[in-house]
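The block underneath contains the structure these notes are about, expressed in structure tokens.
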Amino acid sequence: MPGLYMLDYGAGNVRSLVNAVNRLGFKMEFVKEPSDILKADKLIFPGVGAFGHAMEALNKKGYAEPLKEYIASGRPFMGICVGMQSLFEGSEESHLAGLGVIPGMVKEFKKDTKAVPHMGWNAAQVLKSTTDDSESTGQAINYSMNDESEYYFVHSFAVPYTDKVKDWVLTTTQYGDEVFVSSVQRGNVFATQFHPEKSGFAGLRVLRSFLTGTGIVDDSKVVMKEPVPQNRLTKRIIACLDVRSNDNGDLVVTKGDQYDVREKEGNDVRNLGKPVDLARRYFEEGADEVTFLNITSFRNCPLGDLPMLEVLKRTSETVFVPLTIGGGIRDVTDPDGTVHPAFEVAGEYFRSGADKVSIGSDAVYAVEKYLANGCKKDGTSAIETIAKAYGAQAVVVSVDPRRVYVKDPSETTHHIVKNSQKGPNGEEYCWYQCTVKGGREGRDIDVHQLVTACEALGAGEILLNCMDRDGTNSGYELELINDVKAAVSIPVIASSGAGCVEHFDELFENSQADAALAAGIFHRREVPIQEVKSYLRKCKVNCRALVPEL
């Protein structure tokens, strides 16, 4: 399409949007200077992370005024996430003003009633229709959205649904006790709070409607309705791929048995397939997210040549759900002595197709420093620097704990949990010791200390493993999960131990976990993803439905 431009101010993962547009048969030009904005016939403005960071970049690069001029010209505009929020007057997140195209303010979700960020798949209730066939006029007013599909959201701030913004509202979404604006439409302006490029085929349909339509709706023929209360946030099912080099130097997906990835016979690295192919298979089977955990250390490899960067680039060409990368998110030194801080490493992963980075051992070290400093932040940790630029939702902390049993809580100063799995001498109590270096080294810090400190440092999600459950197929560590959920207000992904469909229902029935992650049982198809979701629906657990391919 001639004249299709994307405005990228340097925000996170725009590669996925480019790939989604390419998948639909279109090519985009990039805005490189302010004058390019006014060359566009259609303009897409994606944003990720912090409102203030986005507005600061727009102003600094000289994009803000041409952007307002473009929108006022009547040419089609599509904003995504922060690209939608920037259209409003301002945000509680920052003192900087927004573009002021739409009246109203962006506000933070209430943290006392639900996990924040709002992260996962939720419905978007369409409030607008037209008195004639809008398709025949060149643009469907709903941009191919429907009330049955779910879309991927990841944000801590939103625009509340009020009379002040009503004329602009295309869809609303309910998260817990709050109803917010999930998309806007008026004339030539269309924008979504959710990420269509990360919302599977349902999201690709939304993008296709904008790309193939005129991008302009006759507002004189629009009919509005009021939203109906409906809390339809789904429980996420996440497929995890443990990636490492085998003895021949090839990147393979493997799976540990309590963190041991080598076969009992022959001592070869357990090989379950190629990362890109498996990730695509999981997307097609209905995984809500795909997580790569890089358990190989590429110590002598320049940052720009890291093998996982190529895996992410290729995966994001065909996988249109969120991608998380873990392992190696730390300060890196190239063979020539060049030092790359963790913030820069994360940026490379985001530009290669990742939506979130998962920090493991470095999070433990950062918390040790934070505690030694009297629980004061110094702004230097990977958690803080990445969250500041890309938002809390981009930072996942992966916790690898193991049980340390005690006969009586008075025996330790660590946070104690009563456990149904008794110790070797009948102990009923344990504390969960955090480990580093892939579980090989224990530290004098417990999970409760770690997760509360990581939330304070700016992490947006916890990936909660349990070494005692890993590879056992005995079910999730519910006592640990409930203890962590009670300690933090950010989402928690339960990991380690799933062996059958019943374990997923047991998790969601007996804990407030936001998502369930599994690896080996999905790799080997012992428990297919859709079988898990079908069983959960029978148990009245809300899950995202598989949407037919385009």
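Each Cβ is built from the backbone N, Cα and C atoms, and glycine gets one as well.
Pulled from TrEMBL, these are the features on record:
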ACT_SITE  CYS81  active site, for GATase activity
ACT_SITE  HIS195  active site, for GATase activity
ACT_SITE  GLU197  active site, for GATase activity
ACT_SITE  ASP242  active site
ACT_SITE  ASP400  active site
BINDING   CYS81  L-glutamine binding site
BINDING   GLY328, ASN465  substrate binding site
DOMAIN    6-200  domain 'Glutamine amidotransferase'
Nearest of the active-site residues (CYS81, GLU197, ASP400) to GLY328 (substrate binding site), judged by Cα-Cα distance: ASP400
Would you report the average pLDDT that the model assigns to the domain 'Glutamine amidotransferase' (6-200)? 95
State the Cα to Cα distance, in Å, between ASP242 (active site) and HIS195 (active site, for GATase activity), rounded to an integer. 26
Three-state secondary structure of ASN465 (substrate binding site) from DSSP? coil
Tally every other Cβ atom lying within 10 Å of the Cβ atom of ASP242 (active site). 25
I'd like the Cβ neighbour count for HIS195 (active site, for GATase activity), meaning other Cβ atoms within 10 Å of its Cβ, all protein chains included. 25
Given the recorded positions CYS81, HIS195, GLU197, ASN465, tell me which ones have a C-alpha lying within 10 Å of the C-alpha of ASP400 (active site). ASN465
Between the recorded positions GLY328, ASP400, ASN465, where is the Cβ count within 10 Å the lowest? GLY328
Per DSSP, HIS195 (active site, for GATase activity) is which: helix, strand or coil? coil
Around GLU197 (active site, for GATase activity), how many other CB atoms lie within 10 A of its CB? 28
